[in-house]
Amino acid sequence: GARGSTGLLNMEGALVARDKVGIQDFVLLDETTETAFMENLKKRFDKDLIYTYIGALVVSVNPYKDLDIYNSNQMDLYMGVNFFELPPHIFALADTVYHAMMLELNNHFILISGESGAGKTEASKKILQYYAACSPETDLLTSVRDKMLMSNPVLEAFGNAKTLKNDNSSRFGKYMDIQFNKALGGHILNYLLEKSRVVHQNHGERNFHIFYQLVEGGEEDLLHQLGLERDCLYYNYLTQGECAIMSSINDKNDWKTVKNALKVIEVSESDRTDLFGVVASVLHLGNVEFDPDSRGNASLDNNTELRWLLGVNAQTLQEGLTYRKIRAQQDQVLSPFNIDHAIYVRDALAKAMYGRTFTWLVRQINESMENKDDTMKMVIGLLDIYGFEVFYVNSFEQFCINYCNEKLQQLFIQLTLKSEQEEYEAEGIEWEAVQFFNNKIICDLVEERHRGIISILDEECLRPGDATDLTFLERLEEKMGDHPHFVTHRLADITTRKTLDRGDFRLLHYAGEVTYCVVGKRDRHTQHTERLMGQSKNAIVREVFCNADADSRRRPETVATQFKSSLLKLTESLLAKDAWYVRCLKSNESKKPGVLDEALVRHQVKYLGLMEHLRVRRAGFAYRRRYEVFLQRYKALCPATWPHWLGLPMDGVQVLVQHLGYMPYEYKMGRTKIFIRHPKTLYATEDAFERCSNACCLLRTKAFQMDVAWKAAQARKEVERRDWAVKVIKKFINGFINRGDARSTDNSEYLAFVRQSYLNRLKLKLPQTVLDKTTWLTPPSVCQEASELLRKVYYRLMVRKYVRGISQQKKGQLQMKVVTSAIFKGKKDSYPQSITRSFLDTRIGEADINPKVLAKGTAVFSLQYSVPVVKYDRKGFKPRPRQILLTTSAAYLVEEAKIKQRVLYTSLKGISVSNLTDDIVVLHITCEDAKQKGDLVFQCDHLFEFLTKLSIHYRVSVINVLLNRFALLRSITIEIQSGKQGAVDFTTGPEPLVYKDKNGHLMVVRHPPPHTPYPLKSG
C-alpha cells in the first residue's frame, strides 16, 4: 500500500514496527477480536496505510484524499512480485491474480464490495488501469485498452449519481470480464440499475449524472434540437433532491469527457444523437402533468411536452398515459386512470425507457471491447456491486441489494473454506472443522421456489383481483410465519412490535436485522405504453421496446425474478472461477480526509463479514510460507543454515525451527510450506531476526569502515600512479617532438621506447621461411642500421638451421634439382610442375626387366637407371613401347628380351627437347656410315629425371631446349641415317596428339602453358 513512514517492508519485516504502523495481515493478530481488529485498522489508517490483508483478501479504507501510491513507478514496483513481498496494495492483488491466471491457465474473479462511498468504483478503476498498463504496446491492444478505460466515464455518467454518502455513487452492479490471450478484451454485465432514481430522489441526492451534464454542458444547437432549456431547475425529475447544482461536480467538463468517450468506444454519431434524445425525452416526460376532469379521472389538457417524446404520435401517447385498454372478447374498452395511476404509468415509462437504454449502452460497449480472437480466452472478472445497505426506510432496491450481498456472502464463505481445505489437503495437513454462520437459511428464505419471498411477490403481482401491498404482507405471514429469521408487526412479541410498522417485515441477515417496507414493492406494469414506444422514430427506443407484444399471453417476469435469475447465473459463473476479494470501507460519513469514525467502520466490518472471514482464515494456522521463502529470510538465525544451506529447503527449515526451539504443537511441516499456528511464534522469530540484523549491521558498519580505509589507500596509490603517468606522458611527447635530434636527455627515453617497441613488434612478425623476403618489418630511422644487421643474422641463422636439418637423401635430391633448374628453368613450360616431384633411383625394378637382357649385359654393363619410354620409328614414326637402361658407358634401348640399340655416351652429339609441355626427347647420335642407326626419338614421362641423371652421372651436358616461344611451329631436325634428315615439329592445340604429318615430319601437339593463348595461324 502506501509507503507511509516505514518504507517498502515486506510482511515479516513490518512486524518489528507493528507497535507503530500495525500489522499488514490481520491473520497475524494476537487476538481475533473485533477490538483488536479495529485498533490495527486505525493504527494503519493514521499512517495513511489504507490497505491491509486478511490472507489474500484486501481490506481498503477510503482516505478521502489523494495518495501518491498509484503512479507508474508503483505499478512497475509491484509487477511480477510475490504477493507478500511488498506492503499491501491493490496492485499486488491485481498482479497476483494475473500471474496465477497465466500460470494455472484458468479463470479468476475479483469481488469488490462495500457500501456507497467506500471506494469500490475507484478500486475497480485502479485494477483496470493496472491491467491496461501491463499489457504490451501494440496498436490493437492500445485501442482496446483505451476503450476499456473510456467505458468508465460513460457508465458513470449513465449509472452513477450523487447520494448523501458519495458524490459519484454507482447505482448499478457491474461485472466485467477482462479477457486475455494474444489480445485484450472485455465484457460487462450490469445488475439492478436503480431505476427509481430516474423519477424520485431523496433530499440531498441527485438523478443520474448524464441528465445534468446534458443540460449544463450540451451545445446550444443540440439543446434546441432536443427542446431543452439550459436550466436544471426547470425539470421535475432533477429537482426533487433540491441539489441540482453542486460546486463539487463540474457537469460541463464531464459532458466533454463523456462525448469523447462515446467516440472512443465507437458509438456512431446517429446513435449518439438518439441516445441524447432518450435522455431528453425522460426529462420531458417528467414535466408531463395531469389535471382531474369532472369525474376525478386524469386528463392531459396541455400536451406540449409530448411532442418531444421520440417521434411517437402525441395523441396516441396521451391516450396511453390516461387510459387502460381492457380486452373484452373481440372488443377493447378504454378504462380511465385516476391521477395517481396516470403518474405511476408516466414514471414507469420513464424508468423502463432509461433502464432499457442503459442495457443497450452496455451492449454497445461490449461490442466495442470484444476480443475477436477465436482462440481460448482466459478471463479475470471484476464484480463491483453495492454492499449491504441499511437505511431508515428500506425499499425494494435495498431488499434486492441485500439479497445479492447475502448470496455473495454465501459464495464467499463457501469458496474461502474450500480454498483453505484444498491447501491443507495439498500440503498433507489434517483439516480442522471451522464453526461459522451458514447463511443458506436466509438465501432460501428469499429465493426458494414457491415458498420464498420472491415467489410470493411474483404471485401477488400477477394474480387477478384486488391484490395490495398489505395482502402481499399477509401472504408472507402465512407462508413463513414460523421462520426464525422473519418477523412482522403481527408476528412479533410486544417489545419488538413497537419497532415495526404494520406495513413492515424484518429479516435477520448475516450482517444484522433490516426492516423493509412493503409499500411500493408490488408494482403492476402496463404494456400498452411500451408497445407505443416500439413505434418511435428513435432507433434506440424502437430497438429496446420491439419485443413488446400486444397479444402476448405469456406470464411476464417481475423485476425481482429477473434479478434472482441473473444473480443465480452470476453465482454459477463465479463458482467456475478462482475467487479474490477486495472489501472497501468508508472512513466517515462527512468525507473528511484523515478521519476514522470507529462506530461507522465497525458497522461495515460486521456486515462485510470480515471477522467471519478472519476466523475462517485463522481456524488452523495463522501463518504459512513456502520453505524457500522462510529459509531465505531466517537462515541467519541458525549456524547450520547460515550463510548457505546446501540441502533441500524443507530439511533446512526443519533444522532452523528446531534450533529456534519451536514446540511440535506450534507448527506443521507441509509438502511445500511450513504452517505456524500462533502469531506470537512468528513475532518471536521476527524479533530474533531483528536483533540478528542489528548485530549484522554493526559488523557491516565495521566492514564498511575497513572498506573505506582500504579504498582511501588505493585512491592514494592511484593518485601517485597518475602523477607518474603524467610525467611519463610529458617525457614521451617531448621526445616525440625532438625525435630527429641527436640523442639527448629530452629524447633518450622516447628513442629507447621506439627501439623497444620495434623489437617487440619484430619478434612477433619474423619471417618463417628462408624464401620469405617481404615480411621483415620496416624499421624506424633510429633502428635502420640495427635492423639490417639483425635481418642478415636472422636469415643466416634460418639457412644454417635449414641446412643442418637436411638428410643425406634430401641433399641428393636438392643437388639433382639444382642441376634440373640450371638446364630447364625458364626454358621448358612443364618445368614448374616437376619441382615438387621427387626423383627416384630407377623407374623399372630388376624384376620388371627381362632376365635375358640382364644375362646378356652382365659382363657388358652395370645397370644404373632404367625408365619406360615410347620410341618412335625413324621410318613412319610408329610408336613402340620400350625400355631405356642407363649403364656406366652407354644407354640401351630394349624391347622385352632384345637390345634394339646401344648408344654410347661418347657418340652422343647432343639432346634436344621442346620448350612446350610435351615429354619428347631427341638423342642426336653420330652417324659415320649409312648402316648405322640415326637419332633416337622417344617420349619419356619422367623427362626431367631422366635427363638430369644423364647429365650428372654421364657427363652429358649438351641438352638443347627450343626457345622460339612465339613461333607458330617449332622444329627439331633429326638425322634418320647418314645423309638423310627428318624433323620433329612442335605446336600447341586443344588436344595432345603425336602423329606423322603430311610433310613427313613427326607432329607433336600439346596444351599451351596456363594463361598462354594459342598462336594465331596466318592466312
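Every residue, even glycine, has its Cβ placed from backbone N, Cα and C.
The domain 'Myosin motor' annotation in TrEMBL covers 21-690. The ATP binding site feature in TrEMBL is assigned to G114, E115, S116, G117, A118, G119, K120, T121. Taken from TrEMBL, the feature region 'Actin-binding' covers 567-589. Per TrEMBL, domain 'TH1' is recorded for 828-1008.
Recorded features from TrEMBL, shown on the structure.
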residue	record	contacts (Cβ under 8 Å, 6+ apart)
G117	ATP binding site	N62, T163, K165, N166, S169, K586, K591
G119	ATP binding site	S60, N62, C584, K586
T121	ATP binding site	E156, N160, N168, S170, D384
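For the region 'Actin-binding' (567-589), the mean pLDDT of the prediction comes to 84. Counting residue by residue with DSSP, the region 'Actin-binding' (567-589) contains 9 helix, 9 strand, 5 coil. Within the group of binding-site residues (E115, A118), the Cβ with the highest number of other Cβ atoms inside 10 Å belongs to A118.
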